[in-house]
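Copied over from TrEMBL:
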- B:468: active site, proton acceptor (ACT_SITE)
- B:189, B:228: FAD binding site (BINDING)
- B:185-294: domain 'Acyl-CoA oxidase/dehydrogenase middle' (DOMAIN)
- B:332-483: domain 'Acyl-CoA oxidase C-alpha1' (DOMAIN)
- B:530-659: domain 'Acyl-CoA oxidase C-terminal' (DOMAIN)
């Protein structure tokens, strides 16, 4: 087993030549945070911060850089046919370590820049993951290299960002997916406005606004996962994948399918309520969505509706409005544009000039853990259209730098097909 | 469980397809062959902010527009199809006429269920109207049939109730219409009479003893024709008839008549037949209606302009039948407003597709062993598409102006609205048809596939030059109105102060003998030459008509024989009005990069008009030398606009899903793996 250090450096020169990351300082400070194994033509990346649920950490800004370099390196390394991405412990990845980001900002006399850089690098990573294998140089046919993410545990926020955009996502009975950002005063980012908006009907709005948790069976049913494998079979699956020694998506799919099940979606699952979800979450505004849900609740006593309403009422009103608009715009755009928009939003949020809900949310949920955030504005009707517009408008700020996505071809057809064909 | 199996099957099927893809793709890509490079990768970065420009283009209600796009994209009813890794929502035009009608009705029900039509008739004020326009435009971007079927129900039937009816009609019908409890249609046109509404032959005779009107179709040419919604779905209609009271004809009036019961069966004494298959708009069930002495209550007369008392007295505040008729039809301008706006969006769809394709498709190398050249890098291809793009920008501002003019209507503005909407409806729809044809040809064979939209749009939009007033008839009305203005000003020796003719009060502009590039691009020159043409043609038209009248011709026949100048004048008015609107829009912009590109587009709009309209040479507004300078400048502008072409079509607010496969990865969309075996 080679370490990340060796592997990364070896291929670094080649990738530097054609990626935009070349100007960013590069170091491998925290080598143990991601483990890389090499087996035949397969590389296994293991997120290795089990005590922090493999959260993408603040010093681990470097992680993103390393990861981008590593992934691009693998893409260029013709001997690599398959990448397996997994997490150590009970989480795949619980997301970006936003608590650390916020602590950094609040302690370092409101220096929000490292936070912005953190998100910036994360989004570039998301983009690289999603466009994996699309030839950036259009004349040389490259060896195709596939990616399989094994989501055996918690997949939240940033964790979804590094996995869902890829070709194969394997869920298990331990999978737990959520985009909980609205409860934190943030919004579903990491390209979620792209993948949530492509779930069936208006399920994406439901998942993104309420932070609803999905299990493995639900992930498979709605299209967030491509396969479901029981965790006890995972080591066999990995062995089979090494041995398959192939980058052919049909072979890989067939290999995973040998271990796959078609699990029942639990009776109480929200996925069985697509009709109500489509009816309510297709409404134009958050206020109308809540009104529609309340109307449904008046018709029948339903625990699911009341808990859905509860989540919406607990979330930051500003976050809800930003999130809804971001998902709606995302549905009509490509992933690149989605990430650019999300980066603009997160930048404005980090600046904290329009409101500070993100810091308040992190304080209440992650730092002080009093679970009682004081949102400002506190009511939906106080969040005016003008305020929301300001988050979405062009940033006139001398510090502003647009997200410089690597120039790659469109998202490969399969990346979209996975989600769209189901809806 | 069933769902999961279904999913697995789909996924498997999808992956099976991939097998062919990878094995054959490997062989194919081994040789250096043409590959698809997205224009976003190959083109220069945009020089202006696309989303700010979109705000200018769409003008209003962007959030509502995106919401409706979302609703359509997420529903199977809108026929989502996966092509080249992207989902496109375009109607299946290979459906039979009956299938298209059925799915169109289902789409309406879906939009209704999701609250799209909320407030379309019960909402009040300019804001509600602008929102309604925006949503209708989005619907039109998906499918013209869907928009027209909705337009007939809300704008024609609903509009007639609103504008021709009074409180009793509003209370009974507006909310019911908004919720589709009834389905309305609008029976004005007859087999024998279309644009000439006053000549229709259907009669409505009042019977005082029963308090009823008797509606009758006296002859075959009086059958109602092209009535959208009548063939399959409509339950009620507005029927236009000659009102007879005690043997006196009081002119054309509108009445509400039920034509189907709640189960969809045709009512007694009504006969309905289909208009049959058409070159487009087959999702609209156009029908023909005959009335066999159908009896309707007196209250069904739409009585905002004139009424009949129970004992059979004709009551109207407007004594002059000409004025009465004009007052009566004035509110129908909304149809022309929406048509003009939708023509612009249709042109935008075709330009976005054709320009994106021209930025990715190559043909012929111009050097030995060199790479083939991108279509849009050929100056000739630029000359075909970029002037149409510039005109579309100018007309986009014009349509936004027209909408605002309409929603702020007042009795003082009726004449202006009538003239401007007539001129713009004709100009913008003609422009659309021309753009569609050019874009179709610019896409070569791909333009012929209905999935690529442009070719199909020709059939779908051709009707626009005919309905709500034939374009030629409308343009003649524009010239007539201008002449009336002229006569009135001369007679009273007063300055012009309406219809933008104020420039005639000033001294006649002089065009320099030697036009330089910077003069050609100045708003001063551009405004001068358009105003010069308009005032001169108006003088000529007035002179010609009065000359014929002096020879003993009637005013009407003098108009008829002066059609050549009349046509030139109508165009001159329209072009000048559009230019002034575009200049104003440009002046309101503060962002320098946007102002800059709008300036280029405006110059292109003017110069290409100078190049194409023979009137400038015919009447000597341009010398032949200056005409040559204009032509040179057009070519120069093409090369200056070329680098911004992608950005310029990215501002149209049309999501990718509503364009077509050739606008994106057309190699993937046509690869073997997508062939259904």
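Quick reminder: no glycine exception, Cβ is built from N, Cα and C everywhere.
Between the C-alpha atoms of residue B:228 (FAD binding site) and residue B:468 (active site, proton acceptor), the distance comes to 13 Å. Secondary structure from DSSP puts residue B:228 (FAD binding site) in a beta strand. Note: the domain 'Acyl-CoA oxidase/dehydrogenase middle' (B:185-294) comprises 6 helix, 54 strand, 50 coil (DSSP; helix = H, G, I, strand = E, B).
Taking DSSP states H, G and I as helix and E and B as strand, the domain 'Acyl-CoA oxidase C-terminal' (B:530-659) has 107 helix, 0 strand, 23 coil.
Counting in whole angstrom, residue B:189 (FAD binding site) lies 10 from residue B:468 (active site, proton acceptor) by their C-alpha atoms.
Proximity of residue B:468 (active site, proton acceptor) to non-local residues of its own chain (separation of 6 or more, Cβ distance below 8 Å) is seen for B:332, B:335, B:336, B:339, B:425, given in sequence order. The Cβ of residue B:228 (FAD binding site) has 25 other Cβ atoms within 10 Å, all protein chains considered.
Taken together, the residues in the domain 'Acyl-CoA oxidase C-terminal' (B:530-659) have a mean pLDDT of 97 on the 0 to 100 scale.
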